[in-house]
Amino acid sequence: MGRARRFQWPLLLLWAAAAGPGAGQEVQTENVTVAEGGVAEITCRLHQYDGSIVVIQNPARQTLFFNGTRALKDERFQLEEFSPRRVRIRLSDARLEDEGGYFCQLYTEDTHHQIATLTVLVAPENPVVEVREQAVEGGEVELSCLVPRSRPAAVLRWHRDRKELKGVSSSQENGKVWSVASTVRFRVDRKDDGGIVICEAQNQALPSGHSKQTQYVLDVQYSPTARIHASQAVVREGDTLVLTCAVTGNPRPNQIRWNRGNESLPERAEAVGETLTLPGLVSADNGTYTCEASNKHGHARALYVLVVYDPGAVVEAQTSVPYAIVGGILALLVFLIICVLVGMVWCSVRQKGSYLTHEASGLDEQGEAREAFLNGSDGHKRKEEFFI
């Protein structure tokens, strides 16, 4: 059914006909629904009204108005209209105790009446969101959402990062109102710290599309981290260096300790909280500096290696570099030349190798040599060569 202005829903129309001398007179009423604290209008419509007495009574049968005259001193009820066509009263700041049947009575020879039923709805209050126990990274967090009064029972929903979370709801009736609760559980990490979780409550007492919401800011505890930032990248003798230890953690570490390896900090060093100041740097300040932070969930440590440059030493090193490079190049060239000469000598010896031959000797053996050559005898060789 459609909703009327001020949350009123016209329901079943009720009719009554008066008998006797006033026959033909009729009374019509309309049921009304209103939100707690709102304004309701109760109307008695008259048909063929002839001036008979009209009385309007509350659910306790107390007379509110008698023929247009106030009978009960409750300023929340006001007579808005009294005419031959209708009687209309206005109720401000509606309460649960105002709920019930309001009587429109038309007194003729026989008394007839109709009842306009007033229903009071209770809109949910802003939900109360609580955490069961402290959330720690890597664990689960359980949130509860409570709406102590609503009528009808409110519907609770959870939202996180524009996504709906599935919760477990329960309700309990307390008189005319309902108490509704919902719980939700999910895992959390350090990135969830500061995130928003919303509990939303809705029922018919609220305007269409409206709801009551409560935002809960997640408090996720986690171990600390540390990182050192230097005020400058290159430091020279005489400079002032400021080191800053950037620390995160929940709970946030409240104490930061500065150290230099196995040595003590320079006497000129000033350590105040997250910063370490080293004025008038000298090469003796070189070393590995550390900052340390801790909380009940863990410990963090960051390192910074300090190297102080001596401008004079840098210039000397820069002037000596070209000579060293030239000397290295010359040595390489000499080595290559020697390698080339050795290779040439070896190739020359290979090409000029000596040949030793054994030939058939004497005139008597000449025929045998020729015969051996022609017959291909294995026992005689025409020539054997030996390479030395």
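Sequential numbering from 1, following the chain as shown.
The backbone N, Cα and C atoms fix where each Cβ goes, and this holds for glycine too.
Lifted from TrEMBL, the feature list:
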- 1-24: signal peptide (SIGNAL)
- 124-219: domain 'Ig-like' (DOMAIN)
- 224-295: domain 'Ig-like' (DOMAIN)
- 323-347: transmembrane segment (TRANSMEM)
Count the residues of the domain 'Ig-like' (224-295) that DSSP assigns to helix (H, G, I), to strand (E, B) and to coil, and report the three numbers in that order.
3 helix, 40 strand, 29 coil
Over the domain 'Ig-like' (124-219), work out the mean pLDDT and round it to an integer.
96
For a three-state summary based on DSSP, what are the helix, strand and coil counts in the domain 'Ig-like' (124-219)?
3 helix, 58 strand, 35 coil
